[in-house]
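What TrEMBL annotates here:
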type	residues	note
REPEAT	2-91	repeat 'Solcar'
REPEAT	109-217	repeat 'Solcar'
REPEAT	232-323	repeat 'Solcar'
TRANSMEM	109-128	transmembrane segment
TRANSMEM	190-211	transmembrane segment
TRANSMEM	232-256	transmembrane segment
Amino acid sequence: MSDALINGLAGAGGGIIAQLITYPLQTVNTRQQTDRGLKKEKSKLGTIEQMLKVIKHEGWERLYGGLAPSLVGTAASQGVYYYFYQIFRNKAEAAALERRKIGVGDGSVGMLSSLVVAALSGCVNVLFTNPIWVVVTRMQTYKKNLKKSEPVQELSTAQDEPVLAAAEPPPFGTTHAIQEVYDEAGVLGFWRGVFPTLIMVSNPSIQFMLYETMLKKLKQRRALSKKDNSGVTALEIFLLGALAKLGATVVTYPLLVVKSRLQAKQVTTGDKRHHYKGTSDAILKMIRYEGLYGFYKGMGTKIVQSVLAAAVLFMIKEELVKGARFLLTNKVKSKPP
């Protein structure tokens, strides 16, 4: 089994576990991002209060709306990302060794090379998996009141508790979301938000650059210590992953909000704030109607969710990689000569 395949499968496994743990936070965060409140109309409810409100008026299952395609998307995203990351990383390491032979560099992959490797891996991942995340966004932002027959319901707010408690239509499943996207924009609708998402590859690029830099420094410090142990514990991997994701999330969050707005259901009639023709149109309308605050809606929730998910992902991935390599090594040793 190749090192790239081991990392790909381990990344997929770690991503699924992290997704299961943090999914309710993702659902609430997506709803926060797609809220079109006017300037200074800041939500008075915190993340926990919003989660409880969803449970009360829509049922706890709405916190897990889109979980099935999200798990597929997470496994696909992490698998594709780590697989191509390892391939590009191997090529970068080989190139670094070649440069050392001619007296250039020390043979290690530098920060810039790590950034390029992560960016290329991210672009491949986005192009492959964007349709899945469009469907997930639709399912996360679906609310019972959007399917009501009463004309006033479309513009009603979450404060209208009696209306929210009314009878709901059939469950909004994956096939409903797919049909809705197709009816709205055809096949190209499944790649809505791909432009800001491609720009957002800087998030994992920054994340992995920070993570690998900190991990390398820690291993070097351990190697020079008297303990003569360069190993890194699962807890340390957890903390390094959390710090790396925190830095990346703060920088790229506005792009994430724009992406969510584009992928959510577009309202073609009524309030024009609810309809975006493209990335630039979304940005301009958000600036006009919501101000700078609109680009950072739900950022606190996202930081908590992203940091927790990334930390769990890194910890689980590293443990799975270690376990796979250990099993493969023992298998080779146990073979008769």
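The count begins at 1 with the first shown residue.
Keep in mind that glycine also has a Cβ here, set from the backbone N, Cα and C atoms.
In terms of DSSP secondary structure, the repeat 'Solcar' (232-323) contains 74 helix, 0 strand, 18 coil. Note on the transmembrane segment (190-211): residues 81, 85, 111, 114-115, 118-119, 121-123, 125-127, 130-131, 133-135, 181-182, 240-241, 243-245, 247-249, 251-252, 255-256, 258-260, 262-263, 278-279, 310, 314 of its chain, located 6 or more positions outside it, place their CB under 8 angstroms from a CB of the stretch. Per-residue pLDDT, averaged over the repeat 'Solcar' (2-91), rounds to 83.
In the repeat 'Solcar' (2-91), helix, strand and coil residues by DSSP number 73 helix, 0 strand, 17 coil.
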